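The structure under discussion appears below in the form of C-alpha cells.
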Amino acid sequence: MTRWLQWFHRWLGLILGLQVLIWLITGLYFSVMGNQAMSGHTHFEPLPNESLAGLEWSSNIGDLSRRFDDIQQVEWQQVLQIPQLKVVTADNTYYLDGRSGKPWQTDRALATDIAKASYSGAGTIDEVVEVDARFQVLFDDPVSTEVLIGKADGAVQGHRNWNWYIADWMFRLHFMDYSGGRDFNNLLIRASGLVTLWFAIAGLILLLRNVKRGDLWRPQTLLHQLQHKQHPVASGCGGGGTCGLCKVKYTADIPAVSSADNQLLSPDEIADGIRLSCQQRKLPDSGLRDIELLDVNARAWQLEIESEQQITPTLKHIVFLRPPNFTFNPGQFLQFQIATRAGAVLRNYSLANRSDDNQLSVLVRRIENGIGSEFMHSLRAGDRVDVIGPLGDFQLRSENQRNGYSVFIGGGAGIAPIRSQVLSLLSSQDPAQVVLFYGARCEQELAFQAEFERLAKDHRLRYIPVLSESLSASGDFLTGWVHSEALKYIENVGVDKVDVYLCGPPAMLNQTLNGLRELGVPAERVRYDDFGI
Ligand SMILES: Cc1cc2nc3c(=O)[nH]c(=O)nc-3n(C[C@H](O)[C@H](O)[C@H](O)COP(=O)(O)OP(=O)(O)OC[C@H]3O[C@@H](n4cnc5c(N)ncnc54)[C@H](O)[C@@H]3O)c2cc1C
Ligand code: FES
C-alpha cells in the first residue's frame, strides 16, 4: 500500500510540478506582454461615432409595437452613416435597416468597409471569409490582423492577430480551460484542486512515516558511501537489493542478516560475514577498516577502443587495448561510467575474451532508448571510456571435475562471459569435456558462430546452438528452448558429473535453475550470472 502511495505520489508530484511551471511561464508572459498586445487590438480603431442628424429613416418601419412583442428598449444608431434600429425585446435583440425597415443584412462589401474603418494599420485586405454568423476580414500586415464583423448587426466583434492567438493558448494553459472560455472555475481545475489536496495529504502521511522510522536522519547505505569514496563495488540494481552484486565482507561488528541477504547470498557467504552493502547503513566501530572489498583486483581504468563491430543485428563486439597489469578471471565484468545530463550512470558489461588475450572485449546488446547500451553502440575506435573492474564472482570453479563435463549455457548477450570462460578453459592444460549450449532467437543472432563451429570441428568443444523463434532453414540447428536441450543432456550424462555455468535472459535463467534443482544438480556445482535484463 505504502509503495503504491509513494509511486502515485511521485508521478502526481511530477504532473502538478509541470502545471506549476506552466503557471509560472504563462504568468510571466502575461506580465511582459501587457493587456493591449494580448487583446489583439494592435491596429484597432474605434468606428466614428457620428451624429444621427441628416440620416434618412424610412417611413416603412411602421408601428414597432405591432411587429415585436414586449419591447424593452429601442435605439436609433448608425453604422458607417447607414441608419440602424436596435429593438430589444424580452427574448431577443433585433436589428433593422433604418432605410427600409427590413432586418439588417451585412453583405461582404459592407463588412469590408467596416473592417477598414476599424483598422489603423498599414496592411491591405487579403481575404474576406464568411464563417457562420460573421465575416473575417484578413489583413496582410506583419501580425496577420483579422477583423470580425457580425452579420446580424454590422458590429465590429473584435480584432485578432498572432499575439491574440498566442495569448489565447496561454490563457487556456493558465486557466486549465481548454474549451477557450477562459473560465477559472471549470471542471478540470476543480478536479485538479481535489487531486492536489490528496497529494498534500499523502505527502504528509509519507513524511510522518519517514519521521517515525527515522529515515530522515538515516545515513546513506554502505554501498553509496563506498562508491562515493571511489571504492570499487559492483551494483546491478542501483541499491535495490535485487542483483546481489554489492557484496562486502565484515571482519568485525558483523551486522544482522537482511531479507535481501538471505535471498541473494549463500549460507556459506552469510556465515563468512559477507553482506550486501546496499542493505547496510551501519559501519563497524572502526569505520571502513573492518570491511573487505571482495573484488581485490578492481580499480579505475581508462580504456581505449581498438575496434568495434556489429556482429549480429543486435549485438556489438567492442575491443579495447588491454592496459598492462590488467588481470581478470573469465566471467568477470567491467562497470562503465557513462556521463549523462543527469550525472554519471553505471552500467556493467561482461568481458567476452580469453583471460590471456592481448585485448579486452565486451559484447553489448542494443536496447532501444537504453542509456548504457545506446552509449556503448555509439563508441568508435580511438574513443576512451572510464571503467572500474574487474568485478564479480561468476568465475570458473577451481575444483571443476576432471573427468566430468563443464556445461555452459548462454543466451542472448549472456554468451559474453560464457565465451570468455569457454575459451579460457579450452586454453588450459587439462580441460574437462567442454559443452556449450547457446540459445538465440534466430541464426543471425548467433554471435561468434564461426569460432564455436571451428572449435567443435577440432573436437575441442561440443557446441549445440538452439534457435527459439525461427525454424532452422539448413536443418543444422536445434529449435526450441536452450534450457530444455541442456537439461536433457545433463540428465543423460549424469547430474553428479557436471559443473554448470549459465548466463542469459531472466526467464531462461530461472527455468534452467529450477530444472537443475529438480534434476538434483548440487547447488555448489552451478554458477550463474544475472544481468538483470
Ligand atoms: C553483472 C552484469 C553484467 C552484464 N553484462 C552485460 C553484457 O555483457 N552485455 C549486455 O548487453 N548487457 C550486460 N548487462 C546488462 C547491462 O548492464 C545493462 O543493464 C543493459 O545494457 C541495459 O542498460 P541500458 O542503460 O541500455 O538500459 P536502461 O536505460 O537501464 O533501460 C532502458 C529501458 O529498457 C528496459 N530494458 C533494460 N534492459 C532490457 C532488455 N534486455 N530487454 C528489454 N528491455 C530492457 C528497461 O527496463 C528500461 O525501461 C550486464 C548486467 C549485469 C548486472
Ligand atoms: S546493489 Fe543490487 S543488491 Fe545491492
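Easy rule for this one: first residue shown is 1, then count along the chain.
Note: Cβ is positioned from N, Cα and C throughout, glycine not excepted.
Taken from TrEMBL, the feature domain 'FAD-binding FR-type' covers 298-397. If you look up TrEMBL, you'll see 12-32, 187-208 marked as transmembrane segment.
Sequence-remote contacts of a segment are chain residues at least 6 beyond its ends whose Cβ falls under 8 Å from one of its Cβ atoms, and for the transmembrane segment (187-208) they are 2, 5-6, 8-9, 12-13, 16, 19, 175-178. Note on the domain 'FAD-binding FR-type' (298-397): DSSP counts are 8 helix, 51 strand, 41 coil. For the domain 'FAD-binding FR-type' (298-397), the model's pLDDT averages out at 94.
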